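> Per TrEMBL, the feature ATP binding site maps to 4, 5, 6, 7, 8, 133, 134, 135, 136, 137, 138, 139, 140, 141. Per TrEMBL, the feature substrate binding site maps to 51, 56.
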Ligand SMILES: Nc1nc2c(c(=O)[nH]1)N(C=O)[C@@H](CNc1ccc(C(=O)N[C@@H](CCC(=O)O)C(=O)O)cc1)CN2
Ligand SMILES: Nc1ncnc2c1ncn2[C@@H]1O[C@H](COP(=O)(O)OP(=O)(O)OP(=O)(O)O)[C@@H](O)[C@H]1O
């Protein structure tokens with residue numbers, strides 16, 4: 001089993017090697033895969049805005065789907081002094097600004113409590129067949145997800161296949177699904193769903 005730090009290096013490199021056009025193509029495929037999941041009865045959907053220079057999944061396609069379905073969309077603002085995030089309702093007039101870390105974030109707006117969220121799309125570097133994930137290592141999402149409801153659905157988005165097994169800590173909150181361009185993994189039912 002690889003160390004978390006080695007996996008971070010491995011997946012950062014795999015992402016760097018992707019062309020801009022494959023990032024766009026695969027991000028569109030991921031959004032299309034999301035349409036097949038049984039997640040569309042909710043009201044509040046949390047989504048991350050991608051750090052583009054890190055070649056994260058481009059969530060703008062998913063965002064268009066959410067807007068088309070008239071869902072309420074929630075985005076976050078990270079506080080690097082506490083490693084906690086604030087969650088803000090995205091409205092037509094919500095001002096966004098790219099932070100020092102390259103993350104597009106709301107400047108101001110209506111704050112939303114994590115308990116209200118029905119679905120959270122989760123950024124990640126690596127994940128495994130049990131739905132354990134690794135991010136950039138500050139624990140932002142671990143702290144956030146534990147404040148959501150028991151029935152909130154957590155969905156990772158990745159360009160890559162899962163690792164067989166990642167060592168996890170007591171604070172790690174596992175994903176329910178991970179969507180990749182070709183396949184969607186359903187961890188609760190322990191099989192490939194679609
Ligand atoms: N789009 C997006 N937003 C997100 C996350 C994410 O993974 N993706 N996060 C998920 O938790 C949080 C931000 N996490 C971050 C943690 C560390 C660094 C950071 O240290 N950046 C350094 C470069 C370090 C490196 O490349 O390894 C820098 O920008 O100087 C950036 C973001 C909250 N918002
Ligand atoms: N709920 C929590 N309360 C306090 N500390 C936490 C909590 N969750 C995680 N941490 C701590 O935060 C640090 C980073 O956690 P971890 O390595 O799991 O981050 P990550 O999942 O890779 O990053 P991220 O969630 O930001 O994408 C660890 O030291 C962990 O112990």
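We number each residue from 1, going along the chain as drawn.
Each residue, glycine too, has its Cβ placed from N, Cα and C.
Keep in mind that TrEMBL annotations are predicted by a computer and have not been checked by a curator.
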> Checking the spread of the ATP site as listed (4, 5, 6, 7, 8, 133, 134, 135, 136, 137, 138, 139, 140, 141): what is the longest Cα-Cα distance, in whole Å?
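Max Cα-Cα spread across the ATP binders: 20 Å.
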> Sort out the sequence-distant neighbours of residue 136 (ATP binding site) for me: same chain, 6+ apart, CB within less than 8 Å of its CB, listed by position.
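8, 125 - these are the non-local Cβ neighbours of residue 136 (ATP binding site), listed in sequence order.
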> Within 10 Å of each Cβ, count the other Cβ atoms and name the one among the binding-site residues 51, 134 with the highest count.
134
> Select the closest residue to residue 56 (substrate binding site) from the following binding-site residues, measuring between CA atoms: 4, 6, 134, 138, 140.
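Nearest by Cα distance to residue 56 (substrate binding site): 134.
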> Between residue 134 (ATP binding site) and residue 51 (substrate binding site), how far is it from one CA atom to the other, in Å?
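Between the Cα atoms of residue 134 (ATP binding site) and residue 51 (substrate binding site), the distance comes to 16 Å.
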> Enter the number of other CB atoms within 10 angstroms of the CB of residue 138 (ATP binding site).
12
> Let me check the 10 A CB neighbour count of residue 8 (ATP binding site). How many other CB atoms are there?
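Residue 8 (ATP binding site): 17 neighbouring Cβ atoms within 10 Å.
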> Long-range neighbours only, meaning 6 or more apart in sequence with Cβ under 8 Å: which ones does residue 140 (ATP binding site) have?
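Spatial neighbours, sequence-distant, of residue 140 (ATP binding site): 78, 83, 84, 85.
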> Highest Cβ count within 10 Å among the binding-site residues 6, 56: which residue is it?
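Checking each of 6, 56, the winner is 56.
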> Measuring Cα to Cα, how many angstrom lie between residue 6 (ATP binding site) and residue 51 (substrate binding site)?
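That separation, Cα to Cα, works out to 21 Å.
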> Should we count any of the binding-site residues 4, 6, 8, 138 as near ligand 1, judged by a CB under 6 A from one of its atoms, and which?
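Going through 4, 6, 8, 138 in sequence order, those close to ligand 1 turn out to be 138.
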> Let me check the 10 A CB neighbour count of residue 4 (ATP binding site). How many other CB atoms are there?
16
> Those binding-site residues, 8, 136, 138: which ones have a Cβ sitting under 6 Å from ligand 2?
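What lies within reach of ligand 2, judged by Cβ under 6 Å, is 136, 138.
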> According to DSSP, collapsed to three classes, what secondary structure does residue 134 (ATP binding site) have?
strand
